[in-house]
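Q: Sharing a structure here in C-alpha cells format.
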Amino acid sequence: MKGDQDTKETSPDLGKDVRIQADIPNGECGSALPTHLYKRRWVIVLLFSAYSLSNAYQWIQYGIISNIIMKFYNVDGFAADWLSMIYMLAYIPFIFPVTWLLEKYGLRCTALVANALNCAGTWIKVASARPDLFWVTLLGQSASALAQVFILGIPSNLASVWFGANEVSTACSIGVFGNQLGIAIGFLVPPMLVPNVKDVDELAYHIRFMFYISAGVATFIFVLVVIVFQERPEIPPTRSQAQARISRSSDYSYMASIWRLLCNKAFMLLVISYGLNVGSFYAISTLLNRMIIDRYPGEELNAGRIGLTIVIAGMAGSLICGLWLDKTKTYKQTTLVVYILSLVGMLVYTFTLNLGHLWVVFITAGVLGFFMTGYLPLGFEFAVELTFPESEGTSSGLLNFSAQIFGIVFTIGQGKIIDKWGTLPGNVFLCIFLLIGTVITGFIKSDLRRQKTNKQAEVQQLSKMATDIQEGILKERKF
C-alpha cells in the first residue's frame with residue numbers, strides 16, 4: 001500500500017520506537033508515541049463488513065419465509081422460530097471464551113475462525129434441502145450461529161485498532177452497516193428465490209438454489225479474508241490506542257477486566273438498555289413474516305420488502321449517527337434522543353399495522369428502523385467511552401450478551417402473545433420494554449474516558465512543544 005510505503009520511507013525507525021516505548025510502564029509516555037493512519041484500514045473494515053453481511057443474511061433467511069419453511073419441513077411455528085433464535089442462544093455460552101480468544105490471539109485469528117464456521121454452515125445447509133432433514137438445516141444454522149459470536153462484538157474493536165480519533169464512530173458504523181445490509185438482503189432475497197409453491201420437489205429445488213448462492217458467497221469471502229485480512233497496523237492510529245497497547249500488554253487479566261466492567265454502574269445501565277432495544281429489534285425481525293401475513297394474507301414478498309425498508313432506513317440512521325458522534329462527541333444526548341425516537345417509532349408502527357394499508361406500514365416501519373437500527377453503533381461507541389481503557393471486544397461482547405438474552409425472551413414472549421391475542425398486544429408488549437429502556441438510558445452518567453485520554457495527550461504534546469520552544473530561545477540567548 002502506498003500509505004505504508006510513505007511511512008517506512010519517512011520514518012524507518014517508527015516501528016522500533018513503538019516496541020521500545022511499549023516497555024515503559026503505566027502509559028506515561030503515551031503522548032510521545034508516534035501515530036499513523038494507514039490507507040488499508042478501509043480495506044480491512046470493508047472486508048469485515050462483507051463477512052458480517054454473509055453471516056447476518058443467514059440469520060434472517062428462514063424467518064422471512066417461515067410459513068414456507070414450516071410447510072416444507074412439516075414443523076410448527078415455534079420450531080421454525082428456533083432457526084432464528086439459535087443465533088441468540090449460541091451467543092450466550094460462547095461469548096466469554098470468544099472474547100478471551102480475541103484478547104489472546106487478536107482480530108485476524110477471530111476473523112479466520114468466524115469465516116470457517118460461516119462457510120461450513122452454508123455448505124451443511126446445501127445438503128439439508130429435503131423435507132425429512134430439518135435437523136440438518138438446524139445443524140448448519142447452528143454453525144453459522146456460532147460464527148456470529150466471533151463477529152458481533154468486532155466493529156468497535158476494529159475501529160479503535162485501525163482508525164483515528166475523528167473516524168472511530170464512522171468506522172464502527174460501517175462495521176455495523178455490513179451486518180444490517182446482510183439482514184436487508186435476507187429480508188429481500190429469500191421471498192424472491194423461494195416462492196410459495198405446492199409441489200414439494202419444486203420447493204426443494206428453490207430452497208437448495210438459495211443455499212448454493214449463500215455458500216458460494218461465503219466461500220469467496222473466506223478466501224479473501226485468508227489472503228487480505230491483517231491483525232493491526234504496526235503503528236497505532238491514536239494516542240489513546242497507543243496507551244491501550246501499553247496498559248493491556250503489562251499484567252493484563254481478562255477476568256479482572258470483566259469484573260471492572262461489571263462494577264461500572266454507568267456501563268451496566270447501558271448493557272440493560274441496549275439489550276432491551278436490540279432484543280426488541282431481534283423479535284420484530286424474527287416474527288415480521290407472521291405479523292404481516294396475519295394482517296395481510298399472501299403478502300410474503302411484501303413482508304420481505306417491509307423488513308428491507310426497516311433495515312435500509314436503519315443503515316442510513318447508523319451512518320448519520322456515526323458521523324454526528326465523530327463531529328459532536330455528544331454520546332449520552334444522542335443515545336437518549338435516538339432511544340426516545342425508537343419508542344415513538346414503535347408506538348406508531350404498532351397502532352398503524354392494522355389499518356389495512358400496506359403503504360402506511362412501509363412508512364412507519366422505515367421510521368422505526370431508522371432509529372431502532374441506527375441505535376446499534378451508538379451503543380457500541382458509548383460503551384467504549386464509558387469503559388476505556390478496557391478492551392472494546394469485551395465491552396461489546398457484554399452488550400451483545402444482553403441483547404441475545406432479551407432477544408430470546410422477547411421473541412418467545414411476543415410469539416406466544418401473537419398466537420393467543422394477535423399482533424397488537426404483541427407489539428404493545430415490546431413498547432413497554434422500550435419505555436423502560438428509555439428511562440434507564442436517562443440515568444446513565446456520561447463519563448467519556450477515551451475522549452479525556454485523547455485530550456490529555458494533546459495537552460501534554462502542546463506543553464512539550466512549548467517547553468522545547470522556550471528551551472530553544474534560552475539556548476539562542478546564551479550564544
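Cβ atoms are placed via backbone N, Cα and C, with glycine included.
Relevant sequence annotations retrieved from TrEMBL are reproduced here:
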type     : residues : note
TRANSMEM : 42-62    : transmembrane segment
DOMAIN   : 43-449   : domain 'Major facilitator superfamily (MFS) profile'
TRANSMEM : 82-102   : transmembrane segment
TRANSMEM : 109-127  : transmembrane segment
TRANSMEM : 133-156  : transmembrane segment
TRANSMEM : 168-189  : transmembrane segment
TRANSMEM : 209-229  : transmembrane segment
TRANSMEM : 266-284  : transmembrane segment
TRANSMEM : 304-324  : transmembrane segment
TRANSMEM : 336-352  : transmembrane segment
TRANSMEM : 358-378  : transmembrane segment
TRANSMEM : 398-418  : transmembrane segment
TRANSMEM : 424-444  : transmembrane segment
Q: When you check the transmembrane segment (266-284) against the transmembrane segment (133-156), do you get at least 3 Cβ pairs under 8 Å, counting only pairs 6 or more apart in sequence?
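A: They are not in contact.
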Q: Return the average pLDDT for the domain 'Major facilitator superfamily (MFS) profile' (43-449) as a whole number.
A: 87
Q: Return yes if the transmembrane segment (82-102) and the transmembrane segment (304-324) have at least 3 CB pairs under 8 Å (sequence gap of 6 or more), otherwise no.
A: no
Q: Mind checking which residues of the chain, 6+ beyond the ends of the transmembrane segment (133-156), have their Cβ under 8 Å from one of its Cβ atoms?
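A: For the transmembrane segment (133-156), the nonlocal Cβ contacts are 48, 51-52, 55-56, 58-59, 62, 73-75, 79, 82-83, 86-87, 89-91, 94-95, 98-99, 101-102, 107, 110-111, 113-118, 120-125, 127, 168, 171-172, 174-176, 179, 377, 380-381, 383-384, 392-393, 395-397, 399-400.
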Q: For the transmembrane segment (304-324), find every same-chain residue at least 6 residues outside the stretch whose CB is under 8 Å from a CB in it, and list them.
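A: Same-chain residues near the transmembrane segment (304-324) but 6 or more away: 60, 64-65, 169-174, 176-177, 180-181, 183-184, 186-192, 284-285, 288, 292, 330, 334, 338, 358, 361-362, 365-378, 381.
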Q: Could you give the residue numbers and ranges of same-chain residues that sit at least 6 residues beyond the transmembrane segment (209-229) on either side and whose C-beta is under 8 angstroms from one of its C-beta atoms?
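A: For the transmembrane segment (209-229), the nonlocal Cβ contacts are 43-44, 47-48, 50-51, 54, 57-58, 61, 107-108, 111-112, 115-116, 118-119, 121-123, 125-126, 128-129, 189-190, 193-194.
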